[in-house]
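Novice: Straight out of Swiss-Prot:
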| type | residues | note |
| --- | --- | --- |
| BINDING | His14, His16, His194, Asp275 | Zn(2+) binding site |
| ACT_SITE | Glu197 | active site, proton donor |
| SITE | His218 | site 'Important for catalytic activity' |
| BINDING | Asp276 | substrate binding site |
Amino acid sequence: MYEWLNALPKAELHMHLEGSLEPELLFALAERNKIALPWADVETLRGAYAFNNLQEFLDLYYQGADVLRTEQDFYDLTWAYLQRCKAQNVIHTEPFFDPQTHTDRGIPFEVVLGGITQALKDGREQLGIGSGLILSFLRHLSEDEAQKTLDQALPFRDAFVAVGLDSSEKGHPPSKFQRVFDRARSEGFLTVAHAGEEGPPEYIWEAIDLLKIQRIDHGVRAIEDERLMQRIIDEQIPLTVCPLSNTKLCVFEHMSQHNILDMLERGVKVTVNSDDPAYFGGYVTENFHALYEHLGMTQDQARRLAQNSLDARLVR
């Protein structure tokens, strides 16, 4: 079944480039940039990948991202991910990147963007992988900070397909960013947002009604609100669900409790994604395989999930 799932043509719509930084590349970049790391070796770092919640993961995620300094670093990060896409027959990807993670530590916006966009261009030309880049605002920072990031992005408007919203969800509702999303839409950006991962269903309502999103990232807690579920079904709002991430961060205690197939069978346009694959133990195929192993996903369900991902693309 793994080989069949791997060969299935699919798109990935929820993947943070910084979260694809494998320990081996992290150590290589640290050496290249002469950065001292707090971990003795790759295995020690892998051993640190045990999280009780989203915040514990984010603390390590931001620490790891510190090795990304040059345009070449961002190219190598993105290219390594695209090679994984090719190996797993991901024919289209719409990754996130978090400019504030880098600009806040003095890395120029254009350095970050230059490496990523060149790799995506090479991915299209050399690997045949379609792509669209999503600029994500960090929700634990202020809306004013997000506005500054949008200012930095506007000279490179054509490099992006959408803006998004990620990082610590609790206490940072989508409504906090309504003005910057309004402005982004007026500049021609599409919009997506993380909601309903650790945050309540109310955050999903806000993302739909206030941020006017094209897709909900995560959204698994929608199932707690029947009226919300009906709206998502009626309007066919896609959910970019990340099963291994959800279990690794204790959104669900065990994969056998995950609700993705329940949502699929109720008519929700759910998709399968890896979120931060280097930290959560798998890329897209591994996420599909976990659903097969623990939830008994059928080939028909896998086909529908893969087709949903292709249908929910922002870039055609």
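Glycine is no exception: its Cβ is also placed from the backbone N, Cα and C atoms.
Are these features on the surface or tucked inside, and what touches them?
Specialist: Taking all protein chains in view, 29 other C-beta atoms sit within 10 angstroms of the C-beta of His194 (Zn(2+) binding site).
All protein chains included, Glu197 (active site, proton donor) registers 24 other Cβ atoms within 10 Å of its own Cβ.
In the three-state DSSP assignment, the secondary structure recorded for His218 (site 'Important for catalytic activity') is strand.
Neighbour density for Asp276 (substrate binding site): within 10 A of its CB lie 25 other CB atoms from the protein chains shown. For the recorded site, Asp276 (substrate binding site), the DSSP three-state label reads coil.
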Novice: Just name the most isolated of the recorded positions His14, His218, going by other Cβ atoms within 10 Å of its Cβ.
Specialist: His218
Novice: Cα-Cα separation of His16 (Zn(2+) binding site) and Asp276 (substrate binding site), in Å?
Specialist: 6
Novice: Starting from the Cα of Glu197 (active site, proton donor), work out which of the recorded positions (His14, His218, Asp275, Asp276) are within 10 Å.
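Specialist: For Glu197 (active site, proton donor), the recorded positions whose Cα atoms are within 10 Å come to His218.
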Novice: Tell me the coarse DSSP state (helix, strand, coil) of His16 (Zn(2+) binding site).
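Specialist: It is in a strand.
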Novice: Please list, in sequence order, every residue of the chain apart from His14, His16, His194, Asp275 whose Cβ lies within 8 Å of the Cβ centroid of the Zn(2+) site.
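Specialist: Nearby residues not in the site list: Met15, Gly19, Phe96, Asp166, Asp217, His218, Thr240, Cys242, Ser245, Asn273, Asp276.
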Novice: I'd like to know which of the binding-site residues His16, Asp275 has the most other Cβ atoms within 10 Å of its Cβ.
Specialist: Asp275
Novice: CA-CA, which of the recorded positions His14, His194, His218 lies nearest Asp276 (substrate binding site)?
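Specialist: For Asp276 (substrate binding site), the closest Cα among His14, His194, His218 is found at His14.
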